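Q: What TrEMBL records for this protein is below:
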- A:5-73: domain 'TSEN34 N-terminal' (DOMAIN)
- A:177-259: domain 'tRNA intron endonuclease catalytic' (DOMAIN)
- A:Y205: active site (ACT_SITE)
- A:H213: active site (ACT_SITE)
- A:K244: active site (ACT_SITE)
Amino acid sequence: MNNIIELCYCNGSVLVWNVEDAHRLRSEHRIVGHFIGCLPSLPRQDQMLGLPMELMTEEVFHLVTRGIAKIVEFKQLNLPAEEHHKQKREDMLKASFSDQQVIFKEERIRQLMQMADKIIEGKRRKTNGIVDGELVLQEEMKKIPQMSEDLMMIQIFTRPFWTCEGDVADYSINQTLRCRVFSDLWEKGYYITAGEKFGGDFLVYPGDPFKFHSHYIAVCVDEHQLLTPYFLIQKGRLGTNVKKTVLLCSVNGNGEIMYQSLNWNGK
Amino acid sequence: MLSAKELLDLRSRKAHPRNLPTMPPKDFIPTHSAEETATINAIVDEKMTYLKEERAERRNLLTKADWLPQEKVAKIEKKLGGGWDVYGFDKNGKTYLQPEEALFLIELSKLELWYSGTPVSVQQAYQILLVDELCSSLKYRVYSHLCRQGYRLVRRLLFGSSAAEPSDYDCIPHFLASTSASVLIQFSDLESLPESIRNRESTYVVNKKDFLHFCVDREEVATSISSASTTNPLFSGKTKPLLLGNYIGDPYYTNDGLYNPTDEELNQTEDDDLQICYDVYSPGRHFRKSNPGPPCFALAIAEWSSNVPSLSCLERFKRRCGPKTVPLVAVSGAGSDVSFYQLKGVVSPL
């Protein structure tokens, strides 16, 4: 597959609205993102979230510079709907309702057939005579009511039901230290997620975060930044408390990424 | 577009929702064995089937609302399904939804939001509703995070804060001076009252005996106010006002010599980073939007990259919350979950 993945720029966030794209980003490109929507089937819980998937700036930078993805913006979604879309939606709803009607009837007939013996038996007892089984069933089938439109299902679309062309987004990313560290760690084969909840820049996983604990907390520091003892103690303590190694990441004069790990021996 | 068969399957599935996928325990070191790869692929594939699901709801349970871009609210045509005690606000007999409420209800498959004559997709809703001047993406993330856990969030209205305003005490001198048995109270700011009350009455006759009785019960609390706050003339009478509650019963304020901001510092409200966005009520059935009572938390929202607010800013935020309300700051950003910080004054152990 070499088609470029479209990332949707929407009110300051970069989102993925397509499950296939989210899957590809994860399995082919080791980009895991972060789901922020409610899961359609179980929306009132926080264990697992649903589409859209939001990407960090560094993930976006990584994907765009490698030509894996491009950023688009769907400006037309801000505009009032076009007439032929309205028409299409009404037609779709009508077609869906009549299909649901047919399937509902089929289902009822299926249930009726399962009960056929009992129904005929019952009729026989009532009339005390011989009745035509076929005829009884025909009668019963005629009695099946129409499905009320109120009971029919209406779909709430995740994405627009018409094909939507994205415009080039007015969005650019500067190559920050964080971006360079992200890409370098990625090159080394790691999975990377945001590290704010551990007080660092990134969390670095040896494999898919679904299955593995993270090994490192990456903290980006400028090469010339003077590190105070406070800073080192803070990060050292943090690392030991959460059983992870703190990595201080910086770029040296030759543009190489340098990593220093903190090892905490004290009590 | 789901086929009719899929839609009806979804309908029967709604009655028996399946559980979340179970996750095997995490490992530390990958072995890259075929078995391990298969496990991971299975997890990913299972998760993707959940993510692939579309939303649908029965027509008689799906509420329709119209998005009004000028008014920045969604107007409900007819309320269907449950939960309307919690969402929306009433005005002139109609119910309206704030952008974040509308979007959350769409995500719950409870609402079909119409814009210019056609229902919007979830993607379009994210685009038209999460505009910065309506409700920023950050705000919505915090909103939906808490709503998913069952909390009720109500936008803090800008004009009426729950902390007492001077005009709230207009009635108190009457209580002290009047010799009649009852006092007429006129609320100076009707806007800050719940709608249901506003429509019925704007003045109240309060039986003085009841009020004083109530005060006596609370005397103990009221007298524990520090000397710093007794400079307020309202505290010089025999009966202490009950409403000025921010520091009643909070030992942090009864110890003098801690942080005592000047009035000037406290009254400055412009350019505060910590503005109260939402009043948060705990989960439960007793919540009524017409009479929510004092909130459990007052919520301000910040970003990971924002600066640490100054002490006076934190103090203002704390005092703007009601007496029984816990000030809470929610922080989030791209790629990360929401974290919460609670502000609490601590008394030094000595």
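Just so it is clear, glycine is given a Cβ too, placed from its N, Cα and C backbone atoms.
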Q: Which of the active-site residues A:Y205, A:H213, A:K244 have a Cβ lying under 8 Å from any Cβ of chain B?
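A: The active-site residues close to chain B are A:H213.
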Q: State the Cα to Cα distance, in Å, between A:H213 (active site) and A:Y205 (active site), rounded to an integer.
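A: Here the two Cα atoms lie 6 Å apart.
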Q: Taking only the residues in the domain 'TSEN34 N-terminal' (A:5-73), give me the average pLDDT of this model.
A: 93
Q: Just to confirm: which same-chain residues, 6+ apart in sequence, have a Cβ under 8 Å from the Cβ of A:Y205 (active site)?
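A: Set apart from A:Y205 (active site) by at least 6 residues yet with Cβ under 8 Å, we have A:Y190, A:Y191, A:I192, A:T193, A:F212, A:H213, A:S214, A:H215.
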Q: Applying a 10 Å Cβ distance cut-off over all chains shown, what neighbour count does A:H213 (active site) have?
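A: There are 17 such Cβ atoms around A:H213 (active site).
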